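Asks: Annotations per TrEMBL:
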ACT_SITE  A:CYS111  active site, acyl-thioester intermediate
REGION    A:178-198  region 'Disordered'
DOMAIN    A:325-451  domain 'Thiolase C-terminal'
ACT_SITE  A:HIS404  active site, proton acceptor
ACT_SITE  A:CYS439  active site, proton acceptor
Amino acid sequence: MSSTTSANTAASASETASKAPQGIRKAVVVGGNRIPFARAGGAYAHASNKDMLTAALDGLVARFGLQDESIGEVAAGAVLKHSRDFNLTREAVLGSALAPTTPAYDLQQACATGMEAAIGLSNKIKLGQIDSAIAGGVDSASDAPIAVSEGLRTILLDLSRAKSLAEKARVVARIRPRDLSPDAPSTGEPRTGLSMGEHQALTTAQWNITREAQDELALASHKNLAAAYDRHFFDDLVTPYRGLTRDSNLRADSSMEKLARLKPVFGRSLGDAATMTAGNSTPLTDGASTVLLASEEWAQAHELPMLANVVDGEAGAVDFVHGKDGLLMAPAFAVPRLLARNGLALADIDYFEIHEAFAGTVLSTLAAWEDEEFGRTRLGLDGAFGTVDRGRLNINGSSLAAGHPFAATGGRLIATLAKMLSERGQVDGRPARGLISVCAAGGQGVVALLEAR
Amino acid sequence: MSVDHVLTEMPSLSKLYLNAAAAAAVQRLVRSAPVVALPTRALEVRGVTADLSKLTAFAHLMGKPARDVLPSGYIHALAFPVAMSVMVQEDFPLPLLGMIHLRNQVDHHAPISFTDVLTIRSWARNLAGHRAGTQVQLVVEVRNNEGTALLWRGVSTYLAKGIYLPGLDKPSPQTAGTRREEFSPPQPTAQWKLGVDTGRAYAAVSGDFNPIHLSVLSAKALGLRRSIAHGMYAASRVVSDIGSPKPDAFSWDISFESPIFLPATVSLHISDTLAGDGGWLGSEFTAWNARSTRVHFRGSVTAGTTQP
């Protein structure tokens, strides 16, 4: 009797163990797909967010043979989103060849949307909640939502509630000419009224970043991206859409002379200290990206490649409203925390992907990390955080050349870095490591650590 | 179909409608002896490409994402001017205006990108009696530029109501296949609210400004009590709703049983046929008037292609 009982107990215990999450398992990047990014008003001027996200998803499905496949979860988002697109990602899934039993959700964390999607889904994979996932993002600056004025909106809502004809007439009579002007979205920060460029201009000046240094970074971005296209690096990362095969912002023939001729567009009130031009700032862009994530078991069972592990991620935010830090400086704090948690220093990173919202953003971040006082007083270190080897920074180009469709940039960076790490393989007997850093509106930032398989 | 004629450019649908109206007027004045045979030539247009902005508007009207590949229904709209040119030829035995769309069968052999240069060819076949007039089939073939690969093939069956041609037998009532048997509607899987502007909206994206779809007035001029939804709007919408997990090759077939007078609420039922392993083999659909339960159309989408 007692032996039977103990046998039953043992059986049920092992059954429970097999159903429970097996500790933390690995989440891997299988690959990615994006459409070429287009300058606003260009090739995708009449394409909606749903069109572009579906196009990016179509290419991913085709590349990895996911037709009729039920994916664990798909998460994506758009920063500029029509209210009718409340289920944008699920709608894109339904329009794709993925199995209709694939759940999906929208999320939005400004320019860090794609990063947060990938980190959140990787965590679900690590916990054993799902075996596969697609992270994505899309943005259209061309097909942006335009709302009616606040006055007209209130009147229209009141009108829908009015019952009698007389009541309706009274509501309609409230409309004034000023109510008829539309309300277009802007990149201004709601709390400061400053555009992102104006904010960065202040930070750029604060860190004494020169015009030449910014133009050099912009030029390197164009040259590196063009070279990567030329050696077919993006062949398995990009699917043409609407006749576009490369990012339309890419200027392979750019030069320091050409960049030097451009007039400052941000921080003009700074006078001679105004250094930010259309050449060293990202333009408004349309585009979409997707990344396929999986557990090792799922990738193996589907005979799919495993490029890199998603090791860890970290979000951060700064108090820019009170002027304590620059709007786009959150990664300057998030990266040191992420690396410390993983026992790493900047010198241990083989590839850096630092999103080029503006050349000034990247250079201000690097300057802060090299600054002893910043390291001591703001990061709580003994001295400067460290130096980024410029030979490891954005070596296949970044947003200054490719453009930056807000929510789509995270997916572009993750897929690009994962492929770079996979090609690099081992460094000094350990897997190659890569770091992604993305700043975002609202004084936020999301950073992540990847590792070659 | 022995003699072919190559048109130098894509015909304009509005001009074709004008020609058809003029022909109808002449027909009324000069009652010449009716022609009872179909013209034997096929018409062909080469170098056709889709217009990206029209393609985008078409996909969006169907509530679908705009892709680089053409929706199957859009290809019908793209090729329609060639088919219509066949029907406005002087020796075509039936009047074009007022013709009713009975059925559409399509084999979609391969994806077509908006950048593909196409050759479109059309001819008429199977002139036959019908209990309500005379029916004819228009075949449209869409091939690659070289004409070597068949990409899309559609067969549209039209009825010239009240036109009886000598020598064509009317089918006996038993074989006419009226399908007016009892219809007990299943639970709908979707409901379409079609406004009065549905016809105009489809005309704008397809270029097919047939007066029966545009307004009450223009529909009345052709003997209808109100404007009706374009059959190809319904077909394009339901085919894209169903989609195909294997979009490389599929076929669809739709029969129009009663016109959708606008505005309308149309109930739709879609049911899938699955293989033993759960893979999609096809879907059947039926649409009916939500109030009167009269069937508007029914048909199927099937993986793979057959030659209609």
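Heads up, residue numbers simply count up from 1 along the chain you see.
In case you wondered, yes, glycine gets a Cβ from its N, Cα and C as well.
Have a look at these and tell me how they're positioned relative to everything else.
Replies: Counting every protein chain shown, the Cβ of A:CYS111 (active site, acyl-thioester intermediate) has 30 other Cβ atoms within 10 Å.
Under DSSP, the residues of the domain 'Thiolase C-terminal' (A:325-451) split into helix, strand and coil as follows: 60 helix, 27 strand, 40 coil.
Cβ neighbour count for A:HIS404 (active site, proton acceptor) (all protein chains, 10 Å cutoff from its Cβ): 27.
The number of other CB atoms found within 10 A of the CB of A:CYS439 (active site, proton acceptor), across every protein chain shown, is 33.
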Asks: Helix, strand, coil: count each for the residues of the region 'Disordered' (A:178-198), based on DSSP.
Replies: 6 helix, 3 strand, 12 coil
Asks: For the C-alpha pair, I'd like the distance in angstrom between A:HIS404 (active site, proton acceptor) and A:CYS111 (active site, acyl-thioester intermediate), rounded off.
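Replies: With the alpha carbons as reference points, the distance is 9 Å.
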